[in-house]
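The following features are taken from TrEMBL:
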{"type": "DOMAIN", "residues": "4-62", "note": "domain 'Tudor'"}
{"type": "REGION", "residues": "53-104", "note": "region 'Disordered'"}
{"type": "COMPBIAS", "residues": "73-86", "note": "compositional bias 'Basic residues'"}
{"type": "TRANSMEM", "residues": "212-232", "note": "transmembrane segment"}
{"type": "TRANSMEM", "residues": "259-277", "note": "transmembrane segment"}
{"type": "TRANSMEM", "residues": "298-317", "note": "transmembrane segment"}
{"type": "TRANSMEM", "residues": "323-346", "note": "transmembrane segment"}
{"type": "TRANSMEM", "residues": "452-476", "note": "transmembrane segment"}
{"type": "TRANSMEM", "residues": "482-504", "note": "transmembrane segment"}
Amino acid sequence: MPSRKFADGEVVRGRWPGSSLYYEVEILSHDSNSQLYNVKYKDGTELELKESDIKPLTSFRQRKSGSTSSSPSRRRGSRSRSRSRSPGRLPKGSRRSASASYQADLKEKDMLEVKLTPLVLKPFGNSINRYNGEPELIERNDIPHKNTQEKFHLSQESSYIPTQYSLRARREEIKLKEVDLKEETVVTKRPALLRTSEVTATQSKDLEFGGVPGVFLIMLGLPAFLFLLLLMCKQKEPSLLNFPPPLPALGDLWETRVFGAYLLWFLLQALFHLLPIGKVVEGTPLTNGRRLKYRLNGFYAFILTSALVGACFFWNVELYYVYHHFLQFALAAVVFAMGLSVYLYARALKAPQDELSPASSGNAIYDFFIGRELNPRIGTFDLKYFCELRPGLIGWVVINLVMLLAEMKEQNRAAPSLAMILVNSFQLLYVVDALWNEEALLTTMDIIHDGFGFMLAFGDLVWVPFIYSFQAFYLVSHPNELSWPMASLIIALKLCGFVIFRCANSQKNAFRKNPTDPRLAHLKTIHTSTGKNLLVSGWWGFVRHPNYLGDLIMALAWSLPCGFNHILPYFYVIYFTILLVHREARDEHHCRKKYGLAWEKYCQRVPYRIFPCIY
């Protein structure tokens, strides 16, 4: 077995991949199989280097003028410079102009342009450890700002993409030809920011949802599928053998008064959102370094809405109107969501590059679906954040209440059925919990990765209120008498799912908000090159997505009160399982690109994805 030259913890000089520049690094570990050293630069970047790319500090002692030095801070034939001079700065003795020197460097070296800013080097222990309560990496500018930039170049034709672990540049991988200089892409981010999820200029986009054909079919199919489900549910004896159900005339589905009522609902929720109540918090840092501010007043908006619904009861407003015109309300929501999507795409065409979504591709159809602009705002009014929790989620609760009243009227009941009470109670708890823990939304994929386009607009404004209320809508025409023993089992299942869901999300959000919290000191983590840690104990050591597991258990509890006479009320469970499995695959893809080998270690530590019995 070959002997290693450098020991763990030793401070040496490591060559930056794709260049001849050496910087101070700390040896973290050594792989005896690949003979590669895992090293950490002062800015926090972790790479794997060959032994030939590492030199002891003694090799970089200053030599007399005119001697050949392997240090990147010297130029051939130049006299020695002072220690205060930046590695990227020309020596005083050089008579070449900056442009001539730059062109000469292009011919001699294949380089990637980055901005190197020294950071405080934070020591850490094993790859799997208990979080030691140390602060995050703190950037410190020890070198004059005009001398901190080193330039390299990356060809667009090259498939070489920098990552935090596999960044081993070879000259043949990033060769530059003089004729290709026009196609060069210059990347001017610090190594600490050079992560796969952020370097999108040269990498090809991985289109999700089946690419352009897939999203086109989804946009056409979802509205049609929604109406088919609602029409089947209104039948007295729904059957898949009688598919499709009788279709109403298009004129019967549209009513201007209904569209006006829906528009009034949307504007009312927007007014509640703009009220100066509730605390203001900052979201996660964006790629341009900004942190947007959000006002958390969703729970207050829910209370105001509840008071308004109570006033409607007091004034004898006929809420049964919503059930009687349910299809018209669904069409009004579809038309509004489509119009909003067109507006969002049109305004995104003028959005600055740094405000675009990482998921956008440049294709008009795909970007219309996935969303081109990440955080579209009218002043301080964040459209995506508002739509995520307000009109659709609160509307879901109001629709459920309407269905409860409709069941009593349609079935001539003095009180709602036990099944309807369970469905309303279960889903009310879910919505109240989401609004009470509104801040947790700011760390979800919807907010930090996906743009705001047709996918989220249709999902938030149409799919959530009109599909998530499907069990209550089903019970109006298809009553199910539920026994108390069966109801007790369903309640126990619901509470089990809720405990898993809430505890897992609370643990995750607390760790993201303050990893140094003493209450989290018992949790084991895996350190990553991004400066973040991956939880591998507690709820997140059980499965990779315990919150998804709890969500699915609750979804099953929502459907069981409807009985087993038809599969229609279980559509939500089937759809939700597919949705979460797909979402888990998206999470897996993004985390694998972002965390590299650290994610591989995490997957070995926590092998189960959503279900503990399925790999």
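Residue numbers in this text run from 1 along the chain shown.
Note: Cβ is positioned from N, Cα and C throughout, glycine not excepted.
Keep in mind it's a predicted model, so treat the numbers as computed, not measured.
Note on the transmembrane segment (452-476): residues 215, 218-219, 222-223, 226, 229-230, 233, 266, 323, 326, 329-330, 333-334, 336-338, 340-341, 344-345, 357, 367-376, 383-384, 387-388, 391-393, 395-396, 399-400, 403-404, 406-407, 410-411, 417, 419-420, 423-424, 427, 446, 558-559, 561-562, 568-569, 571-572, 575 of its chain, located 6 or more positions outside it, place their CB under 8 angstroms from a CB of the stretch.
Sorting each residue of the domain 'Tudor' (4-62) by its DSSP state yields 7 helix, 28 strand, 24 coil. The list of residues near the transmembrane segment (323-346) in space but at least 6 beyond its ends in sequence, with Cβ under 8 angstroms from a Cβ of it, reads 223, 226-227, 230-231, 248, 253-255, 258-259, 261-263, 266, 364, 367-368, 371-373, 376, 383, 402-403, 405-406, 452-454, 457-458, 461-462, 465-466, 473, 476. If you take every residue in the domain 'Tudor' (4-62) and average the pLDDT, you get 81.
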